Structures are given as C-alpha cells and as structure tokens.
Amino acid sequence: MSGSGGKGGGRGGLHVRVKTAKRRSVSSTRWLQRQLNDPYVRRAQAEGYRSRAAYKLIELDEKFGLLKKSRAVVDLGIAPGGWSQVVRKANPRARVAGIDLLPCEPIEGVAILEMDFMDDAAPDALIAALGGAPDLVISDMAANTVGHPQTDHLRTIGLAETAADFAVRNLLPGGAFVAKVFAGGADRELLTLLKRHFTTVKHAKPPASRKGSPELYVIAQGFKGRGDAA
C-alpha cells in the first residue's frame, strides 16, 4: 500500500514475457507478467517499499499535503505495510497504528493490530494502540473482488463508509480522511457524511493506480469536529 520524481514511475528497461507453465493458469501468468513489467513494482523493490501501493499515497500526499503536518495516523487495512512506510518516511515523529486481518511484518514506530476492523472492539483497540485521537485516518481497504463491478463497488463502499464513521467519531478537529472507493455511483451516503463533517471533499485517481482500474480515492480535509457539523 502504500519523494517521487517522475510520476509515471519510469518505463525504461526490458519488457519481460512470461511463458505459461503447465500448472499455472493463464490469468496467473498474465498477473505475473504484469507485475514483472510494472514500473511501480520495480520502484517499490528498489526503494524498499513493500508494495506498489506506496506510490498512491505518495502521489496523493504531493497533491493534498496530508502527511508532514500529521502527528497521529491510523492506517486501516495496513498489510503489507507500504502506506505506513510512507507515513513514517514523510514524518518520522508521527505516531502510527494500523489494523488488518492479514499479518503484517513489523514497521519501526508503528503499532500493528492483527484483527478485523469490523470487530466491535477494533476502534477502541486502535485508539489505545495509537495513544490518543488521530489527526489523519487513511484506508486502502477493499473487499475481495468477485468480478461483478457493481457488487465489488458496493462492498468496497461499505468498507469506506465504516472507515469514515470511525474517522468522524475519532478525528481531532482539523484532521483528514483518505479512503479507497470504486467507481460505480453508490457513494452518495458516504459523500453526504463527509461533506457534513469536513470543509473539503474531493476525489482523486493517483497515477500509480493501474490503468483501467475502477479505484478512486476520496480525500476529506478540515474535520469540523463532532459538534460543529451543519
């Protein structure tokens, strides 16, 4: 998940073609070939990030100025850890707590909870691990895709709405929220909630998002506080 000179990630070098092995499906061969030829994958390996998604947050930060002023950050869907790596690199003094059902290798300065964010105990556990309220909540969570665009969209919007509810309940005034959504037109309730509680709400698709991917990110800044929303 996860400075950037040249947002395209660089496209130099050889194109790698992968032959389909006897026990490898055509789809897995295509995935492997895409990975081997992805400039962001190569950059992540060269620069020590755990995933190409790191560059999505880097690019969002370049556009919206999210990280350097943040002192306490919650990373929802932290595994494999690329986004928290970006946070720590941009702001080594920031306190960071992340949560994921999947295991995540330790990251210096980051408290990692291996549990379901949808668990009723998760919000309090995150705030305790962080040591107080956050001023930035970031979420790269996405439901496992089933290949049906509208279903995938609705499931991921559901996660984003839960993440937004956590942010509204816990953010410090002036804080910000970033979450992955899929294009599909069912995000009205999410946007209504965010516009009620934040001064600015925008969508962005960072260059690191794969071409043809339906993913977008919603960026809400200037949290009004729980008592000040119109």
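Every residue gets a Cβ built from N, Cα and C, even glycine.
The S-adenosyl-L-methionine site in Swiss-Prot is built from Gly81, Trp83, Asp100, Asp116 plus one of Asp61, Asp135, Asp140, namely Asp140. A C-beta separation below 8 Å, combined with a sequence spacing of at least six in one chain, links Lys180 (active site, proton acceptor) to Ser139, Asp140, Met141, Ala142, Thr156, Ala160, Glu215, Leu216, Tyr217. Taking every pair among Gly81, Trp83, Asp100, Asp116, Asp140, the residues recorded as binding S-adenosyl-L-methionine, the greatest CA to CA distance is 18 Å. Annotation for the binding-site residues Gly81, Asp100, Asp116: lowest Cβ count within 10 Å of the residue's own Cβ, Asp116.
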